[in-house]
Amino acid sequence: MIPEIIIRNAPALLIAVPMLAAFITPVIVRAGNGVMKAWALLATAATAAIAAIVAWQVLDFGTIVYTFGAAAPGLAVPLDSGGIPVRIIFTIDAMSAFMGIIATISAFAVCLYAVASEGRQTGQEIFFALLLLLEVGILGMVSTGDLFNFFVFLEINSIAGAALVSYRIRGGLSVEAAMKYGFISTLGGLIVLTAIGLLYGQYGALNMAMVASRMQFTMLDGIALAMLVAALAMKSGAVPMHFWTPDAYGLAPASVTAFLVVASQASLYGVFRIVFTLYGGIVQSLDWTTVGWIVIVLGVLSMFVGVTMAIPQHDVKRLMAYHAVSQTGYMLLGVGVGIALLGTSSFDTYGIVAMEGGIFHIFNHAMYKGLLFLTAGAIIYRTGTSDLNRMGGLGHSMKWTMLFFGIGALAIAGIPPFNGFASKLMIYESVYLFNPLLAVIAMVVSILTLASFVKVFHAMFMGPRLPEFAEVREVPAPMLLGMGLLAVIVVFFGVFPEQVVAGLVEPAARALADQGAYIASVLGGA
Amino acid sequence: MRGIARALTVVILAGAFLYLAFALSFGAPAASEMDDYFIGHGQEQTGANNIVTAVVFDYRGFDTLGEATVLFTAVLGVGLLFRKFSTEEDE
Amino acid sequence: MMTKIVRAAAGILFPFVLIFGFYIVAHGHLTPGGGFQGGAVIATGIVLLIAAFGAGEIGRRIGPGALKGSEALGLLLFIGTAAAAFGFGGTFFSNWLANGGAVFGNIVAFGPNPGDLNTGGVIPLMNLAVGIEVLGALSVIVLLMLKGVGEEAE
Amino acid sequence: MIANLPFIAVAVVALIGIVVILTRQNLVKMVMGLSLVEAAVNLFLVSLGYRNGGIAPIFTSAPAGEMVMPTVQAMTLTNIVIGIATTALLLSFVMLVYRKYGSADAGVMRRLKE
C-alpha cells in the first residue's frame, strides 16, 4: 500500500519533508496567502503521517537504523572500517518514535490554530516557515544517533524558537524575551558542543552508540556529563535555570508557546538520552543513586517553585508558563526515581513504572499544556488582554473555548478521567514505594495546581457578562479545530490509559533503559 | 553580593578550563580510527582530493544540510524583525 | 554613497572578487575552500558594492527578491541533489555520481595527485548549491540590517 | 606546559568572553562576548585534531607526511556558519531593542521583571 521507497527512507523523509516545505514556503506565498497556509498544513500533516509510519515500523520490527549516504540504510558500519561507524546515523528506537509522534501531532494542531490566530499579522509566510523549521529541529534532535548532528538540530531549534518568540514585536517586549531566549540557548549550545569536543578528543567518535560502548568514565567524561546535563536542563526550563521560561512563554504568540513546550521537551529527551544511553553502561563506576537523587531534587524544586510562582501571577500566559516549569518537575521526578533504581532489583518492579509515568507525562503535558496555551491565546485573540483581573464573564460568549479550557485544566490538575491523572497516578504509586514523602509533595503540588486553575477559570469565564466584552464572539473554526484535536487526545488518553501505556509508553521506557540493545542495533551484536 | 557571585563563577570556571587545558594532550589524539578511515578511503570513495570537503559534503553531508538550514532560519528571523508592519498591528 | 574614486575602484574590483569566489566554489573538492567560503567571498563583493554605492542603490539594482530567490534556489538544489539518491537506490546523501565515469565521475586513486576537476561526484554540485545559498543569505542579512539602521536614522 | 599552548589559549579566550558577558551591561558587548566564547570553542575543536607535524588533509599536490584529522575541521566549519547565523539574529534583536527603548543597555531590559 505504502511505496517501498517511502518505508525504506522514512527516517530521512521525517526531516526532509518539513525542511523542504519550509524552504518553499517563502516562495509559494507569491501564489497567495491561502495557498501558503494550505501548503504548511499539508506539510505538517504529511510529516505526521511519516512519523506514524516510523513509529509503526519501530514498534513492529524494533529499532530503525538509518545511515545517511551509505549504500543501504542498515549499513551502519562499513565493511572495511574495522567495526566503527563513520557516517551520520539516525537511531530511532521506541523512545524517539514516541517523541516524534508528540512533536508531529502538536505541530499539526498548532499549524491549524495559527492559520486563523495569526491571520491579522504581516510576515505570515516567515511565521509558518519558522514553525516548520522548529519542527525540523525537534524531530532531528529526537531521532539522531550522532552527537554533533544533535548539536546542529539543537541550534535549528534554538534559532527558530528565538525568532518565533519575537514574532509580535509588542513594543519591544517580545524582542527582549527573544533576546534572552536566544542568548541562553546559544550559550547552552556552545556548552554542549564543548562537551562533545571533550568526548571526541578521548574516543575519536561522534556516534552515540560508539561513544557509549567505549565509555571509560574518566574525570573528563564526568565534566562532559555535567556540561551536557546542565546545558540541556537549562533549555528544558527546569529549576534553577527556569528564569527565561515565563518571559519567552508569556510573550510569544500562543500558538508558538504551545509548540515551544514540545521544543523544551526535546531538550529533556536529550538529558534522558545522554544519561541513559551515553552513560548508562558504567553502572559500576558511577553512583546512580546520587545521580538519581540530583534529578529528583531538581524535579521536586521545579514542581514547587513553579507552582508557588504561578499562584500570584495575573497574566494568564505567565501563569501557565510557571505551571509548565512545575509539570516538568513531574517528568524529572518520575525518571529520576528510575535512574536512582537503575541496576537494582527494584527497578523491574516499580522503577520502570516510575519511568513510564515520567515519560507518559511528557506526552500528556505536551497535549494539555498545548491545549491550555491555545485556549489562552483564543481568549487574548478576542479580548485583546491577557490580564486576569480585567477578564470575566467570557463563558457566555465563548462556550467551546470554556469547554476546552476546562478539559485542559482538569487534566493538568490530575483529575480523572483525563490523561494527566493517568500519568500522575503512575508517578504517585511508584514514587510512594520509593519514598512516601516525595509522593506526598507531588500530590500537594497537584492540589495547588488545581486551586490555581480554579481561580483562573473563575476569573476568565464566570461572573456576569462584562460591557467591554459585549462584542466578543467564539473564535474562528480553524482555531477551534486545533484546540479540539488536542482536547480529543487528552480525553482519549485519559479514558484508555492502559492501551496507550502498553502500546507506546512501555516500549519507550524499556528502550531508554536498555543501553545494550541501543548499542547493538548500531554496532551489530558486538 | 552579585559581584562576589560573579567573581566566584569566573574563578571556578578558570580552574575548570585550566584543568581541561592540561587534561588533553595537544598534537597526539587519543583515538583516530574514524579520521584515519576518512584519510585512507575518502579519496577513492568520493573522488574528492580535499578530505575536509569529502567529510563536509559526503560522510557528514546531513550536518551541512542542517547548517545551511540554520543560516536560512537566521535570514528568516532577521527578515521577520525588519518586516513592514501593517497599520493595524500595534507596531 | 562614497566618492567617485571609491565607486570606480569598487566597480573594477567587483568582477575579480566574483571570479575569485567562483574559483573557490568550483575547486572546493580539490583545494582549500568550498561552497561556504566561496559564497562568503562573493557576498563580500556585494557588500563592497553596497559600501560604495549605498544600500538603496544596490537594493534597487539587484533587489532583495533576487537574493532571497538565489538563497531558496541554492537550498532546493542542495536538498534535491541529496534526495536524488533515492532514485538510484541509495540513501539520503549517497554520492550517486562519484566514480561513475560520467559527470564529475573520474576515478581517483589513493595518494597525492595534481587534481582533476571532473571528480567528486555530487560534491561539486553541492558546493555550487551551497555557494548560491550563502551568497544570497549573507547579502540579504546585510541589506536587511542596513535597512533597519536606515530607518533608525530617519 | 608549552606543548599544550593551544588549549591554554582556548581557556584564556573563553574566559575573556565569559567575563565580558558577566560584567558588561551593553548588549552589543554581551553578543561580542558570546562570539569570543564561540571562537574559543572553534579553536578547541580544531586543536583536538592536530597531529604533530601533520599536514592539511588535502591530496592535491600534497607533500608526503601524516595528515591532521578532518572531522574536527568539518565540525568547526559547521560551527562557524552557525555562529554567523546566531550572531546576526542576536544583533538584529539588539537593533530592535535599541530602536524601541532608545538604549542598548541590559539595564533597560528590566521591563519584564515588574
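Any Cβ shown, glycine's included, is placed from N, Cα and C.
Feature annotation from TrEMBL assigns domain 'Na+/H+ antiporter MnhB subunit-related protein' to C:5-139. The transmembrane segment feature in TrEMBL is assigned to C:12-30, C:36-55, C:75-98, C:122-146.
For the transmembrane segment (C:36-55), same-chain residues at least 6 beyond its ends with a Cβ under 8 Å from one of its own Cβ atoms are 1-2, 6-7, 9-11, 13-14, 17-18, 20-26, 28, 62, 127, 130-135, 137-139, 142-143, 146-147, 150. Through the fold, the transmembrane segment (C:12-30) approaches residues 37-42, 44-45, 48-49, 115-117, 119-120, 123-124, 127-128, 131, 135 of its own chain, all at least 6 residues removed from its boundaries and within a Cβ separation under 8 Å. Panel annotation: around the transmembrane segment (C:75-98), residues 104-105, 119-123, 125-126, 128-130, 132-133 of the same chain, lying at least six beyond its termini, place a Cβ under 8 Å from a Cβ of the stretch. Non-local neighbours of the transmembrane segment (C:122-146) in the same chain are 21-22, 25-26, 28-29, 34-36, 38-40, 42-43, 46-47, 50, 55, 58-59, 62, 64, 67-75, 77-78, 81-82, 95-98, 104; each lies 6+ residues outside the stretch with a CB under 8 Å from one of its CB atoms.
Confidence across the domain 'Na+/H+ antiporter MnhB subunit-related protein' (C:5-139), taken as the mean pLDDT and rounded to a whole number, stands at 89. Break the domain 'Na+/H+ antiporter MnhB subunit-related protein' (C:5-139) down by DSSP state and the numbers are 91 helix, 1 strand, 43 coil.
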